[in-house]
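Following: one structure in structure tokens, then a few remarks.
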Amino acid sequence: MSFRGGNRGGRGGFRGGFRGGRTGSARSFQQGPPDTVLEMGAFLHPCEGDIVCRSINTKIPYFNAPIYLENKTQVGKVDEILGPLNEVFFTIKCGDGVQATSFKEGDKFYIAADKLLPIERFLPKPKVVGPPKPKNKKKRSGAPGGRGGASMGRGGSRGGFRGGRGGSSFRGGRGGSSFRGGSRGGSFRGGSRGGSRGGFRGGRR
């Protein structure tokens, strides 16, 4: 009881990974015992009518894969797979007439070779980094650069244009407001009020 319950957490992750292999066993369904069998597990103890085994094979069994004795007599089928990848356990659902308590510790169970999956299938695959693409990078880096240059050119021209306006040379040419710009800048306004402005008004009269 404790073994089965204690490993249910691990079983969840394991089961999710191995369900892909479950469909594979259905594709290769065969009648009768296989021609050859390989060692799959060693008996540990019975649990709720099932057999709990420690895997002695480097590969992982399919769910529902038939399990045999060495003489190819079928004992049952793989029911659950437990534990981490480096220490795999599994349970056997006994067939009709087979008692889990009739086995002793160390008894071996067997499986057909086509009911096994390589353990590498369940290991995380490293990310493959592709070769750099210098052509694409050059195009990408060149486009923003050109844009930046154009933007700077626009910014520069605006700055210069505004500077001219602020300096009153252009504005003055347009509507005489250069004198205002200059007057705001300092001495010219005072002078214009004191002299030029008065003289000009006098001239108009």
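Keep in mind that glycine also has a Cβ here, set from the backbone N, Cα and C atoms.
When ARG140, ARG180 are compared with the annotations in Swiss-Prot, the one labelled omega-N-methylarginine turns out to be ARG180.
Of the candidates ARG27, ARG189, Swiss-Prot records asymmetric dimethylarginine for ARG189; the remaining residues carry no such annotation there, which does not rule it out for them. Residue annotated by Swiss-Prot as ubiquitin cross-link (from the set LYS59, LYS77, LYS127): LYS77. Of the candidates ARG54, ARG147, Swiss-Prot marks one as omega-N-methylarginine, and that one is ARG147.
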